[in-house]
């Protein structure tokens, strides 16, 4: 698929010029610019906190801009709500999908604008109109199916179809592939090409550089709220884009290997989860100071391994040994007390308490250690440990009382890792630790993982990003349909070998 195919009729659809927005103590946008053309995919890039979300919220009327001009189809606009923007032809497919799960697909597509036959909803027309849109976009979903029964990728297709139904001129996609398999990503890209062919302008927000270079035509880079540059994808390199994003040249994508695996610390033998389908007969060893990656396609049950070890998924059979001693880990609390820690995949839903402070989020897994014999909390020790998390994890924040939800994804993840380190684990399990994190913060997370391995922690890291696994691990365990398809040495393997193993039991 060529992303850079030239279109002779690239009409300018949207121009945002010198848009600024300030909040108390923070200038979130400082004369930011964005120009989107028809028949094109335009990447909006920048580290977390660069101003991407604020710029789009100014477009949708969620924030009132302080200054600047927005032109849509050549006319000045000042939308007061996202509904007004949508009705005028600007749609957004959010990372957190906005669907009513207990209603069916066509209800969601036409919510608030049902076709009527007299005073009654015309269900036949609604079905036929939905089917026509799905046929045009090659979406194979029954319009009468309940949304709750669909996969994340199918829900995403409905959001795109909804934008299509409004005859949107501009479709904004926020991290659209974060939960998709490789096959689903390819399908999404085909739909994006169809939208391009219809004359749409797509604004594509993603931290995945390979996707940007595959599907996009132009890239706008923001940094610290400022417009840095807009460049064509053709003729640009990943290194140039990263340098503009972070304000410095990132000579290496991954830090140098400084860890040295030693003796075996963890033995997992014949591990099978109780509720199937799940993991079956899992066997592997982990050495002190080793980073063991876990690879596999979506649905391979990679997460089930760490959940079963950690006690949040019930074990049917098998043993987990730490230093040769059997660990039952019947609950997460028992696992924590035995020296295990788990950084979960869904940071926002299961990793952080978004509306509470950095202090609370840093200490919650170890709260018992801050109580004296009368059950009172030691404020001094709590403040000291929170400051340790902030300093040692290099968390960028004005205060330990700052709400964690206001931090960038990278800083949130650092707090979560720091929280678990306060429990002094010997085994640290990380499930998709860099998902939704910008390229500069990713490098910091990699450095942190490497340093922990150097301090003799045993690290298990699940990742869907193949370059990440190949760049940071010592060995890779490949899962296929709940079983171990193979364990390979990272230095001697290839992406092709890993993908072949991942398909072994399909």
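Cβ coordinates are placed from backbone N, Cα and C, and glycine is handled just like the others.
What Swiss-Prot says about this one:
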type    : residues                       : note
BINDING : 46, 47, 48, 49, 50, 51, 52, 53 : ATP binding site
DOMAIN  : 14-249                         : domain 'ABC transporter 1'
DOMAIN  : 264-506                        : domain 'ABC transporter 2'
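Classification of residue 46 (ATP binding site) by DSSP places it in coil, neither helical nor stranded. Ranking the binding-site residues 46, 49, 51 by the number of CB atoms within 10 A of their own CB puts 46 at the top.
Secondary structure from DSSP puts residue 51 (ATP binding site) in coil. Those same-chain residues not listed among 46, 47, 48, 49, 50, 51, 52, 53 yet with C-beta within 8 angstroms of the centroid of the ATP site C-beta atoms are 54, 222, 408, 438.
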